[in-house]
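Notes to accompany the following structure.
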Amino acid sequence: MAVARTVFGLGTLSYLHQAPLFLKTSQSLFPRPSLSLKPMKHDFVCVKATTKSSTSDDLESGRPSILFSPSIWGDYFLSVSVDDSEFDDIAREIESVMKPYVRDRLISSHNSNKDKIRLIHLLISLGISYYFESEIEMILNKAFEELDMIIAEEDDLETISIMFEVFRLYQHKMSCDSFVRFKGEDGRLKESLVGDVRGMLQLYQAAHLGTPSDQYIMEEAKSFTRNHLESLVESTTIPPHFSSHIRDALYIDRYHNMEILVARKYISFYEQEEGHDLTLLKFGKLSFNYCRLHYIQELKTLTKWWKDQDIPSNLPCVRDRIVETYFPTLGLYFEPRFSLGRIIIAKMTIIVVALNDVCDSYATYPEAKSLIDSLQRWDIEAIDELPNYSRIVLRLILETIGEIEREMKPRGRSASVQHTIDETKSLGRAYLALSKWASEGYMPTFDEYMEVGEVTGGMDDFALYSFIAMEDCDEKPLYEWFDSKPKILQALSVLYRINNDIVTYEREMSKGEVVNGVNSYMNQHGVTKEEAVEELRKMARDNYKIVMEELLTITDVPRPVLVRCLNLARLFDVFCKHGNDEFTYPHGNLKDLITSIFIHPIPV
């Protein structure tokens with residue numbers, strides 16, 4: 001299998017259909033019915049459980065009620081046809097035409113370092129830089145050694161900002177002092193910069209790559225550019241497509257967004273730019289469509305697997321979100337070669353969702369304790385001691401991870417699976433701690449809550465799942481690093497826990513679930529909800545900067561591993577923008593994003 005390759009070639013096309021975790025589909029297997037892209041009727045499911053073991057009023061009064069909407073997508077993706085010849089046609093053109101064209105430009109001695117860095121930035125924006133990682137790293141390593149000379153006379157804000165972004169993304173800590181040249185005698189950014197709209201937008205994006213050590217200048221740049229861009233976006237002097245581009249950036253900047261979503265938007269923007277490179281534009285479109293074909297195949301596999309589990313009908317207390325669970329896996333790695341990794345992450349995530357929902361929204365504390373105790377034993381025989389719904393959850397967990405183990409063991413990735421088992425047990429213990437607090441009516445301090453909440457956030461687990469299929473990374477040192485609880489993973493855990501608690505606060509309070517980050521912060525510090533939320537948001541921003549700092553300072557971990565961590569940090573705003581819990585209620589913006597990636601190919 002070609003999972004570990006840096007780029008794909010024609011010879012790797014068949015691997016998607018060869019692995020046991022993938023479902024080979026054809027039009028005859030899944031005939032297309034008359035389907036609509038309109039969401040299904042969203043009748044909410046309210047469940048009050050009964051069990052064989054007890055029907056006492058005391059037991060049932062201690063059981064939560066659940067209110068989740070059914071899946072928007074159902075079995076839709078089983079009906080979407082994929083033509084294998086389209087894979088071949090796109091890959092052939094990329095290999096024979098597109099890649100040689102770009103590679104020639106990257107290695108040409110006629111192009112300056114500045115020109116090459118601007119080209120690299122464009123490749124990143126179009127979502128095609130991953131084809132040229134070795135060339136890019138070679139160019140940037142050499143250019144960074146000559147950085148002072150390269151930027152000595154440079155006074156173009158857009159160019160400096162682009163270089164800042166590219167170098168930092170590739171772990172070269174270009175100093176934010178490079179922006180001092182754009183300050184006036186009063187020490188503030190010059191007002192004359194406002195006329196350079198492209199430079200202002202690029203500085204705004206670059207400012208999101210700041211670290212704790214360069215906080216002042218980056219925060220000033222972010223505030224300065226945002227204030228002026230908000231005014232400029234309504235200006236009639238700016239072309240409509242550029243005004244829309246600014247508006248998108250102000251809504252969610254690219255470094256708090258998924259790479260594939262950035263590329264999808266940027267391709268449309270770039271097509272409207274005067275003097276755009278037709279070959280690069282076509283490359284971006286072909287690459288996106290090629291990725292999309294992989295995603296559809298993967299969704300077929302996952303939809304069929306999830307349908308076979310029959311969890312929604314057996315456990316309506318579990319959120320039926322297989323498509324929404326798969327979608328963020330594109331945030332970790334969107335490249336075609338990571339198909340296996342995305343399927344593994346999606347399966348692991350949905351079983352964690354099932355465990356969480358049962359413990360959080362259905363089981364009484366004694367039942368949750370029995371389930372988690374059985375999970376710790378990791379023994380299929382333990383299911384006989386559990387009520388029916390707990391048996392379903394435990395069997396789902398054990399069988400899914402067993403399936404992954406059978407897939408990865410021949411690849412020499414057994415340590416990955418054992419770490420996954422250990423982390424799943426740890427997650428279960430943390431869920432049980434929350435269940436115990438709820439059953440006792442105990443309100444922990446914020447510090448107590450975060451000790452458990454950082455575990456239930458599951459960012460360690462999500463990062464771990466992403467490592468499983470990274471076959472080009474040596475297992476032993478990778479998991480030694482993981483076991484050391486590195487600062488970057490701690491920051492991700494805090495970042496997720498805080499963002500999640502802010503957006504789920506109202507839903508949880510309406511269900512009577514008072515143990516959350518917002519409430520515990522209010523309780524410990526004696527502040528209002530609004531004050532608590534503001535402090536938590538500041539804490540989240542600070543931890544994002546820690547992630548960036550660690551990306552730039554860690555030298556003994558392969559860059560692809562650290563990029564997975566950065567990509568995790570980029571996910572949160574996609575699901576938590578403006579206080580909406582998009583995963584639980586995916587009927588608005590998240591549905592539109594999913595549609596833009598999976599449903600609509602880009603016309604070439």
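Backbone N, Cα and C atoms are what each Cβ position is placed from, and that goes for glycine too.
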Swiss-Prot annotation (motif 'DDXXD motif') - matching range among 296-300, 311-315, 356-360, 426-430
356-360
Including all protein chains shown, what's the count of other C-beta atoms within 10 A of the C-beta of ASN500 (Mg(2+) 3 binding site)?
21
Could you pull out which residues elsewhere in the chain have a CB under 8 Å from any CB of the motif 'DDXXD motif' (356-360), counting only those six or more residues past its ends?
64, 66, 68, 315, 317-319, 368, 371-372, 389-390, 393, 428, 431-432, 434-435, 456, 513
ASN356 (Mg(2+) 1 binding site) versus GLU508 (Mg(2+) 3 binding site) - Cα distance in angstrom:
14
Between ASP360 (Mg(2+) 1 binding site) and THR504 (Mg(2+) 3 binding site), the C-alpha gap once rounded to whole angstrom:
13
C-alpha of ASN500 (Mg(2+) 3 binding site) to C-alpha of ASN356 (Mg(2+) 1 binding site): distance in Å?
14
Given the model, what does the mean pLDDT over the motif 'DDXXD motif' (356-360) come out as?
92
Same-chain residues at least 6 positions away from ASN356 (Mg(2+) 1 binding site) with a Cβ under 8 Å from its Cβ, in sequence order, are TYR431, THR456
Near THR504 (Mg(2+) 3 binding site), which residues of its own chain have a C-beta under 8 A away, given they sit six or more steps off in sequence?
ASN516, ASP581, THR584
